[in-house]
Amino acid sequence: MEKIMHGDVSKLFLRYLIPSVTGTLSIGILIFIDTIFIGRGIGSLGLVALNTVIPAYTLYSSTGMLLGIGGATAASVDAGRGDYDGRNKIFTHSVILALVLGCLYIIGQTVLLKEITFFLGARGGAIPMTEDYLGILSKFTLFYLLPHCLNAFIRNDGNPSISMMGMVLCGIVNIILDYTFIFQFNWGMKGAALATGIAQMSYTAVLLTHFISKKNSLVLQSHKLEILVIHRMFKVGLPSFINEMSFGAVIFAFNYIFLRIGGENAVAAYSIILNINILLYLVFLGISQASQPLFSVNYGGGLHSRVWETLKLSTLVSGLLGAVTILVTILYTKEIIGLFIRDDMELMKITGDGMPLFFSASIFMGLNIMMSTFYQSIESSAVSSFITTMRSCVLMVVGLIFLPGMAGIKGVWMTPLFAEGIAFVISLFFLKNYFDKNKGSFQKSVNITPIYNK
C-alpha cells in the first residue's frame, strides 16, 4: 500500500496495466478462440449457437465482478485507512459467496438446460448445438466465477503479474484443446466447450498459487457472514454487475433483432463482431481496473491529487485505444473477418458492412467505462450505476427500438454509437459537477466528501 500512496503514479499505473488487461481478457480470449475454431471447423450455425450462449458467460463474469471488484474496492479503501482486519473480512465474504453461488448456478443450469437454451433464443438447427455447448460449459461455472472474484484481490495485494501468467497458460491450453477436440476428435460444440472449461481451470490454478507465495497478505477468517459487509460489497460492486448483466441482456436483444431483420447469417455476423468487441471491452475494463487500486487506496488515504493524476492518465490511454480501434476496423476489415470465415461470401459481406459502423463507438465506450470505474472506486456508486445502466442497457434498448425502423440493419449496427455517445455527454456532466463541488481538492491532498449518494 505504501507504494500506491507514494510511488510514481505513471509507473504504478503501467505496473498494474499490463497484468490487469491480460487478466480481464481471460474469458474474452477463450470466446474469441472458440469463435475462430467454431467458425472454421463447424460453420455459421456453430457461430449462432456460440452467440446464443454468451449471455450465460455474462452471468458468471458479472457475479464474479460483483464479489471481486465490489469486495476488493471496499477492501482497498479499508487498507488505505490501515484497517487490515476489515480487508480480510471482506475477502473471506467474497470467497465464500463465490463458492456458494457458483454451485447454485451449476445445479440450476443442469436441471433447466433445455428451458434455458430456449429462453436464450436458440431456434431450429442451432438448438442441439447450443445445448451441447451450454451443457458442458455449465459444469465449469466455478472456474469462470472464481478468477473474476480472486483476480481483483490478488491485483490489489501487489501481485498483478500472476493474472498475466495464468492468462498465457489459459490461452495456450485452449488453442491446443480446441484444435484437438474440434478438428481431430470431431467433438463439435461439446469439444469447444470442454476445451474452454479445461483452459479456465488452468487459469484458476495459477491464480491460487498467489496464496502460497510470499507476496500474499490476504487471510481467510472464520467470521460468520455479516449482512452489513455483504451490503457494502454489493453496493460497490453493483455497477460492474449491472454492466455485465446488461451486456448479456443487450446481446440477447441484438440476437433477436438481427434474426428478424437478417436471419441466421446476420446473427452469425454479429457473433464475429461481438467477439471482437468483447476483447475491446475487456481491454478497456482492464485499463479501468488497473486504475482502481490507485483510485481507492489514495482516496482512502486522502491523497486526492494522486487520484486526479490517475484519472487523467487512464482516460488518455482509453481514448487513444478507442481511436486506434476505429482506424483498424476501417482499414483492415477483410483481414479481420478472414480469421473467422473463408468461403461464405454472404456472411463476409454482412460482417464487412457492419464492422466499421459498430466500432465507431469505441472511443466513447472506453471513456464511459473509465468514468464509471472512477466513481465506483471512490464509493460513489450511485453515479457509477447510473452511467453504467444508461450506456449498457437503457440507451441500447432505446436505440434498438427506433434506429432499425429508420435505417434498417445499418440502424442496428449504429446503436452502440447512439448509446455510448449520449452516455458520454452524461458522464461529462457528472464530472463537471463533481469538480465544481470540490474545487481545488484534486490539487492538494485533503479529505473530500463525495457529493453524490453512496
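Glycine is treated like the rest: Cβ placed from N, Cα and C.
Among the features that TrEMBL reports, transmembrane segment is placed at 12-37 (among others). Distant neighbours of the transmembrane segment (12-37): 3-4, 47, 50, 54, 57, 60-61, 144, 147-148, 151, 155, 160-164, 166-168, 170-171, 174-175, 178-179, 182-183, 192, 195-196, 199-200, 203, 271-272, 275-276, 278-279, 281-283, 285-287, 289-291, 293-294, 310, 313-314, 317, 339-340; these residues of the same chain sit at least 6 beyond its ends, with a Cβ under 8 Å from one of its Cβ atoms.
Proximity of distant same-chain residues to the transmembrane segment (57-78), defined by a Cβ-Cβ separation under 8 Å and at least 6 residues beyond the stretch ends, is recorded for 27, 31, 84, 86-87, 90-91, 93-94, 97-98, 101-102, 105, 141, 144-153, 155-156, 232-238, 240-241, 243-245, 247-248, 251, 289, 292-293, 296-297, 299-300, 376-377, 379. If you look up TrEMBL, you'll see 57-78 (among others) marked as transmembrane segment.
According to TrEMBL, the feature transmembrane segment maps to 90-113 (among others).
Sequence annotations record features per position, and here TrEMBL assigns transmembrane segment to 133-154 (among others). Long-range contacts of the transmembrane segment (133-154) within its own chain (CB-CB distance under 8 A, at least 6 residues past either end) are made by residues 23-24, 26-27, 49-50, 53, 56-57, 60-61, 63-65, 67-69, 71-73, 75, 91, 94-95, 98-99, 101-103, 105-106, 109-110, 113, 116-117, 120, 160, 162-163, 166, 189-190, 192-194, 196-198, 200-201, 203-204, 207-208, 210, 218, 289, 292.
What TrEMBL lists as transmembrane segment is 166-185 (among others).
Here TrEMBL flags 191-212 (among others) as transmembrane segment. If one looks beyond the transmembrane segment (191-212) by at least 6 residues along the same chain, the residues whose Cβ comes under 8 Å of a Cβ in the stretch are 26-27, 30-31, 34, 37-38, 42, 46, 50, 132-137, 139-140, 143-144, 146-147, 150-151, 154, 157, 159, 162-163, 165-167, 169-171, 173-174, 177-178, 180-182, 185, 218.
Beyond its flanks by at least six residues, the transmembrane segment (241-261) meets 51-52, 54-59, 61-63, 65-66, 70, 120-121, 123, 234, 267, 269-270, 274, 281, 369, 372, 385, 388-389, 392-393, 396-397, 400, 404, 408-409, 412, 415 of its own chain at Cβ-Cβ distances under 8 Å. Residues or ranges marked as transmembrane segment by TrEMBL: 241-261 (among others).
Same-chain neighbours of the transmembrane segment (267-287): 17, 20-25, 27-29, 31-32, 35, 39, 44, 47-48, 50-51, 54, 247, 251, 254-255, 258-259, 314, 317-318, 321-322, 325, 329, 336-337, 340-341, 347, 350-351, 354-355, 358-359, 362, 365-366, 369-370, counting only residues six or more beyond its ends whose CB sits under 8 Å from a CB of the stretch. Positions annotated as transmembrane segment by TrEMBL: 267-287 (among others).
Residues or ranges marked as transmembrane segment by TrEMBL: 313-334 (among others). Within the chain, the transmembrane segment (313-334) has long-range Cβ neighbours (under 8 A, six or more residues past its boundaries) at 9-10, 13, 17, 276, 280, 283-284, 287-288, 290-291, 348, 352, 355-356, 359-360, 362-367, 369-371.
Positions annotated as transmembrane segment by TrEMBL: 354-374 (among others).
The transmembrane segment annotation in TrEMBL covers 386-407 (among others). Residues 239-240, 242-243, 246-247, 249-250, 253-254, 257, 261, 365, 368, 371-372, 375, 414-416, 418-420, 422-423, 426-427, 430 of the same chain, all 6+ positions outside the transmembrane segment (386-407), place their C-beta atoms under 8 angstroms from a C-beta of that stretch.
Residues 254, 353-354, 357-358, 360-361, 364-365, 367-368, 371-372, 375, 383, 386-387, 390-392, 395-396, 398-400, 403, 407, 452 of the same chain, all 6+ positions outside the transmembrane segment (413-431), place their C-beta atoms under 8 angstroms from a C-beta of that stretch. Sequence annotations record features per position, and here TrEMBL assigns transmembrane segment to 413-431 (among others).
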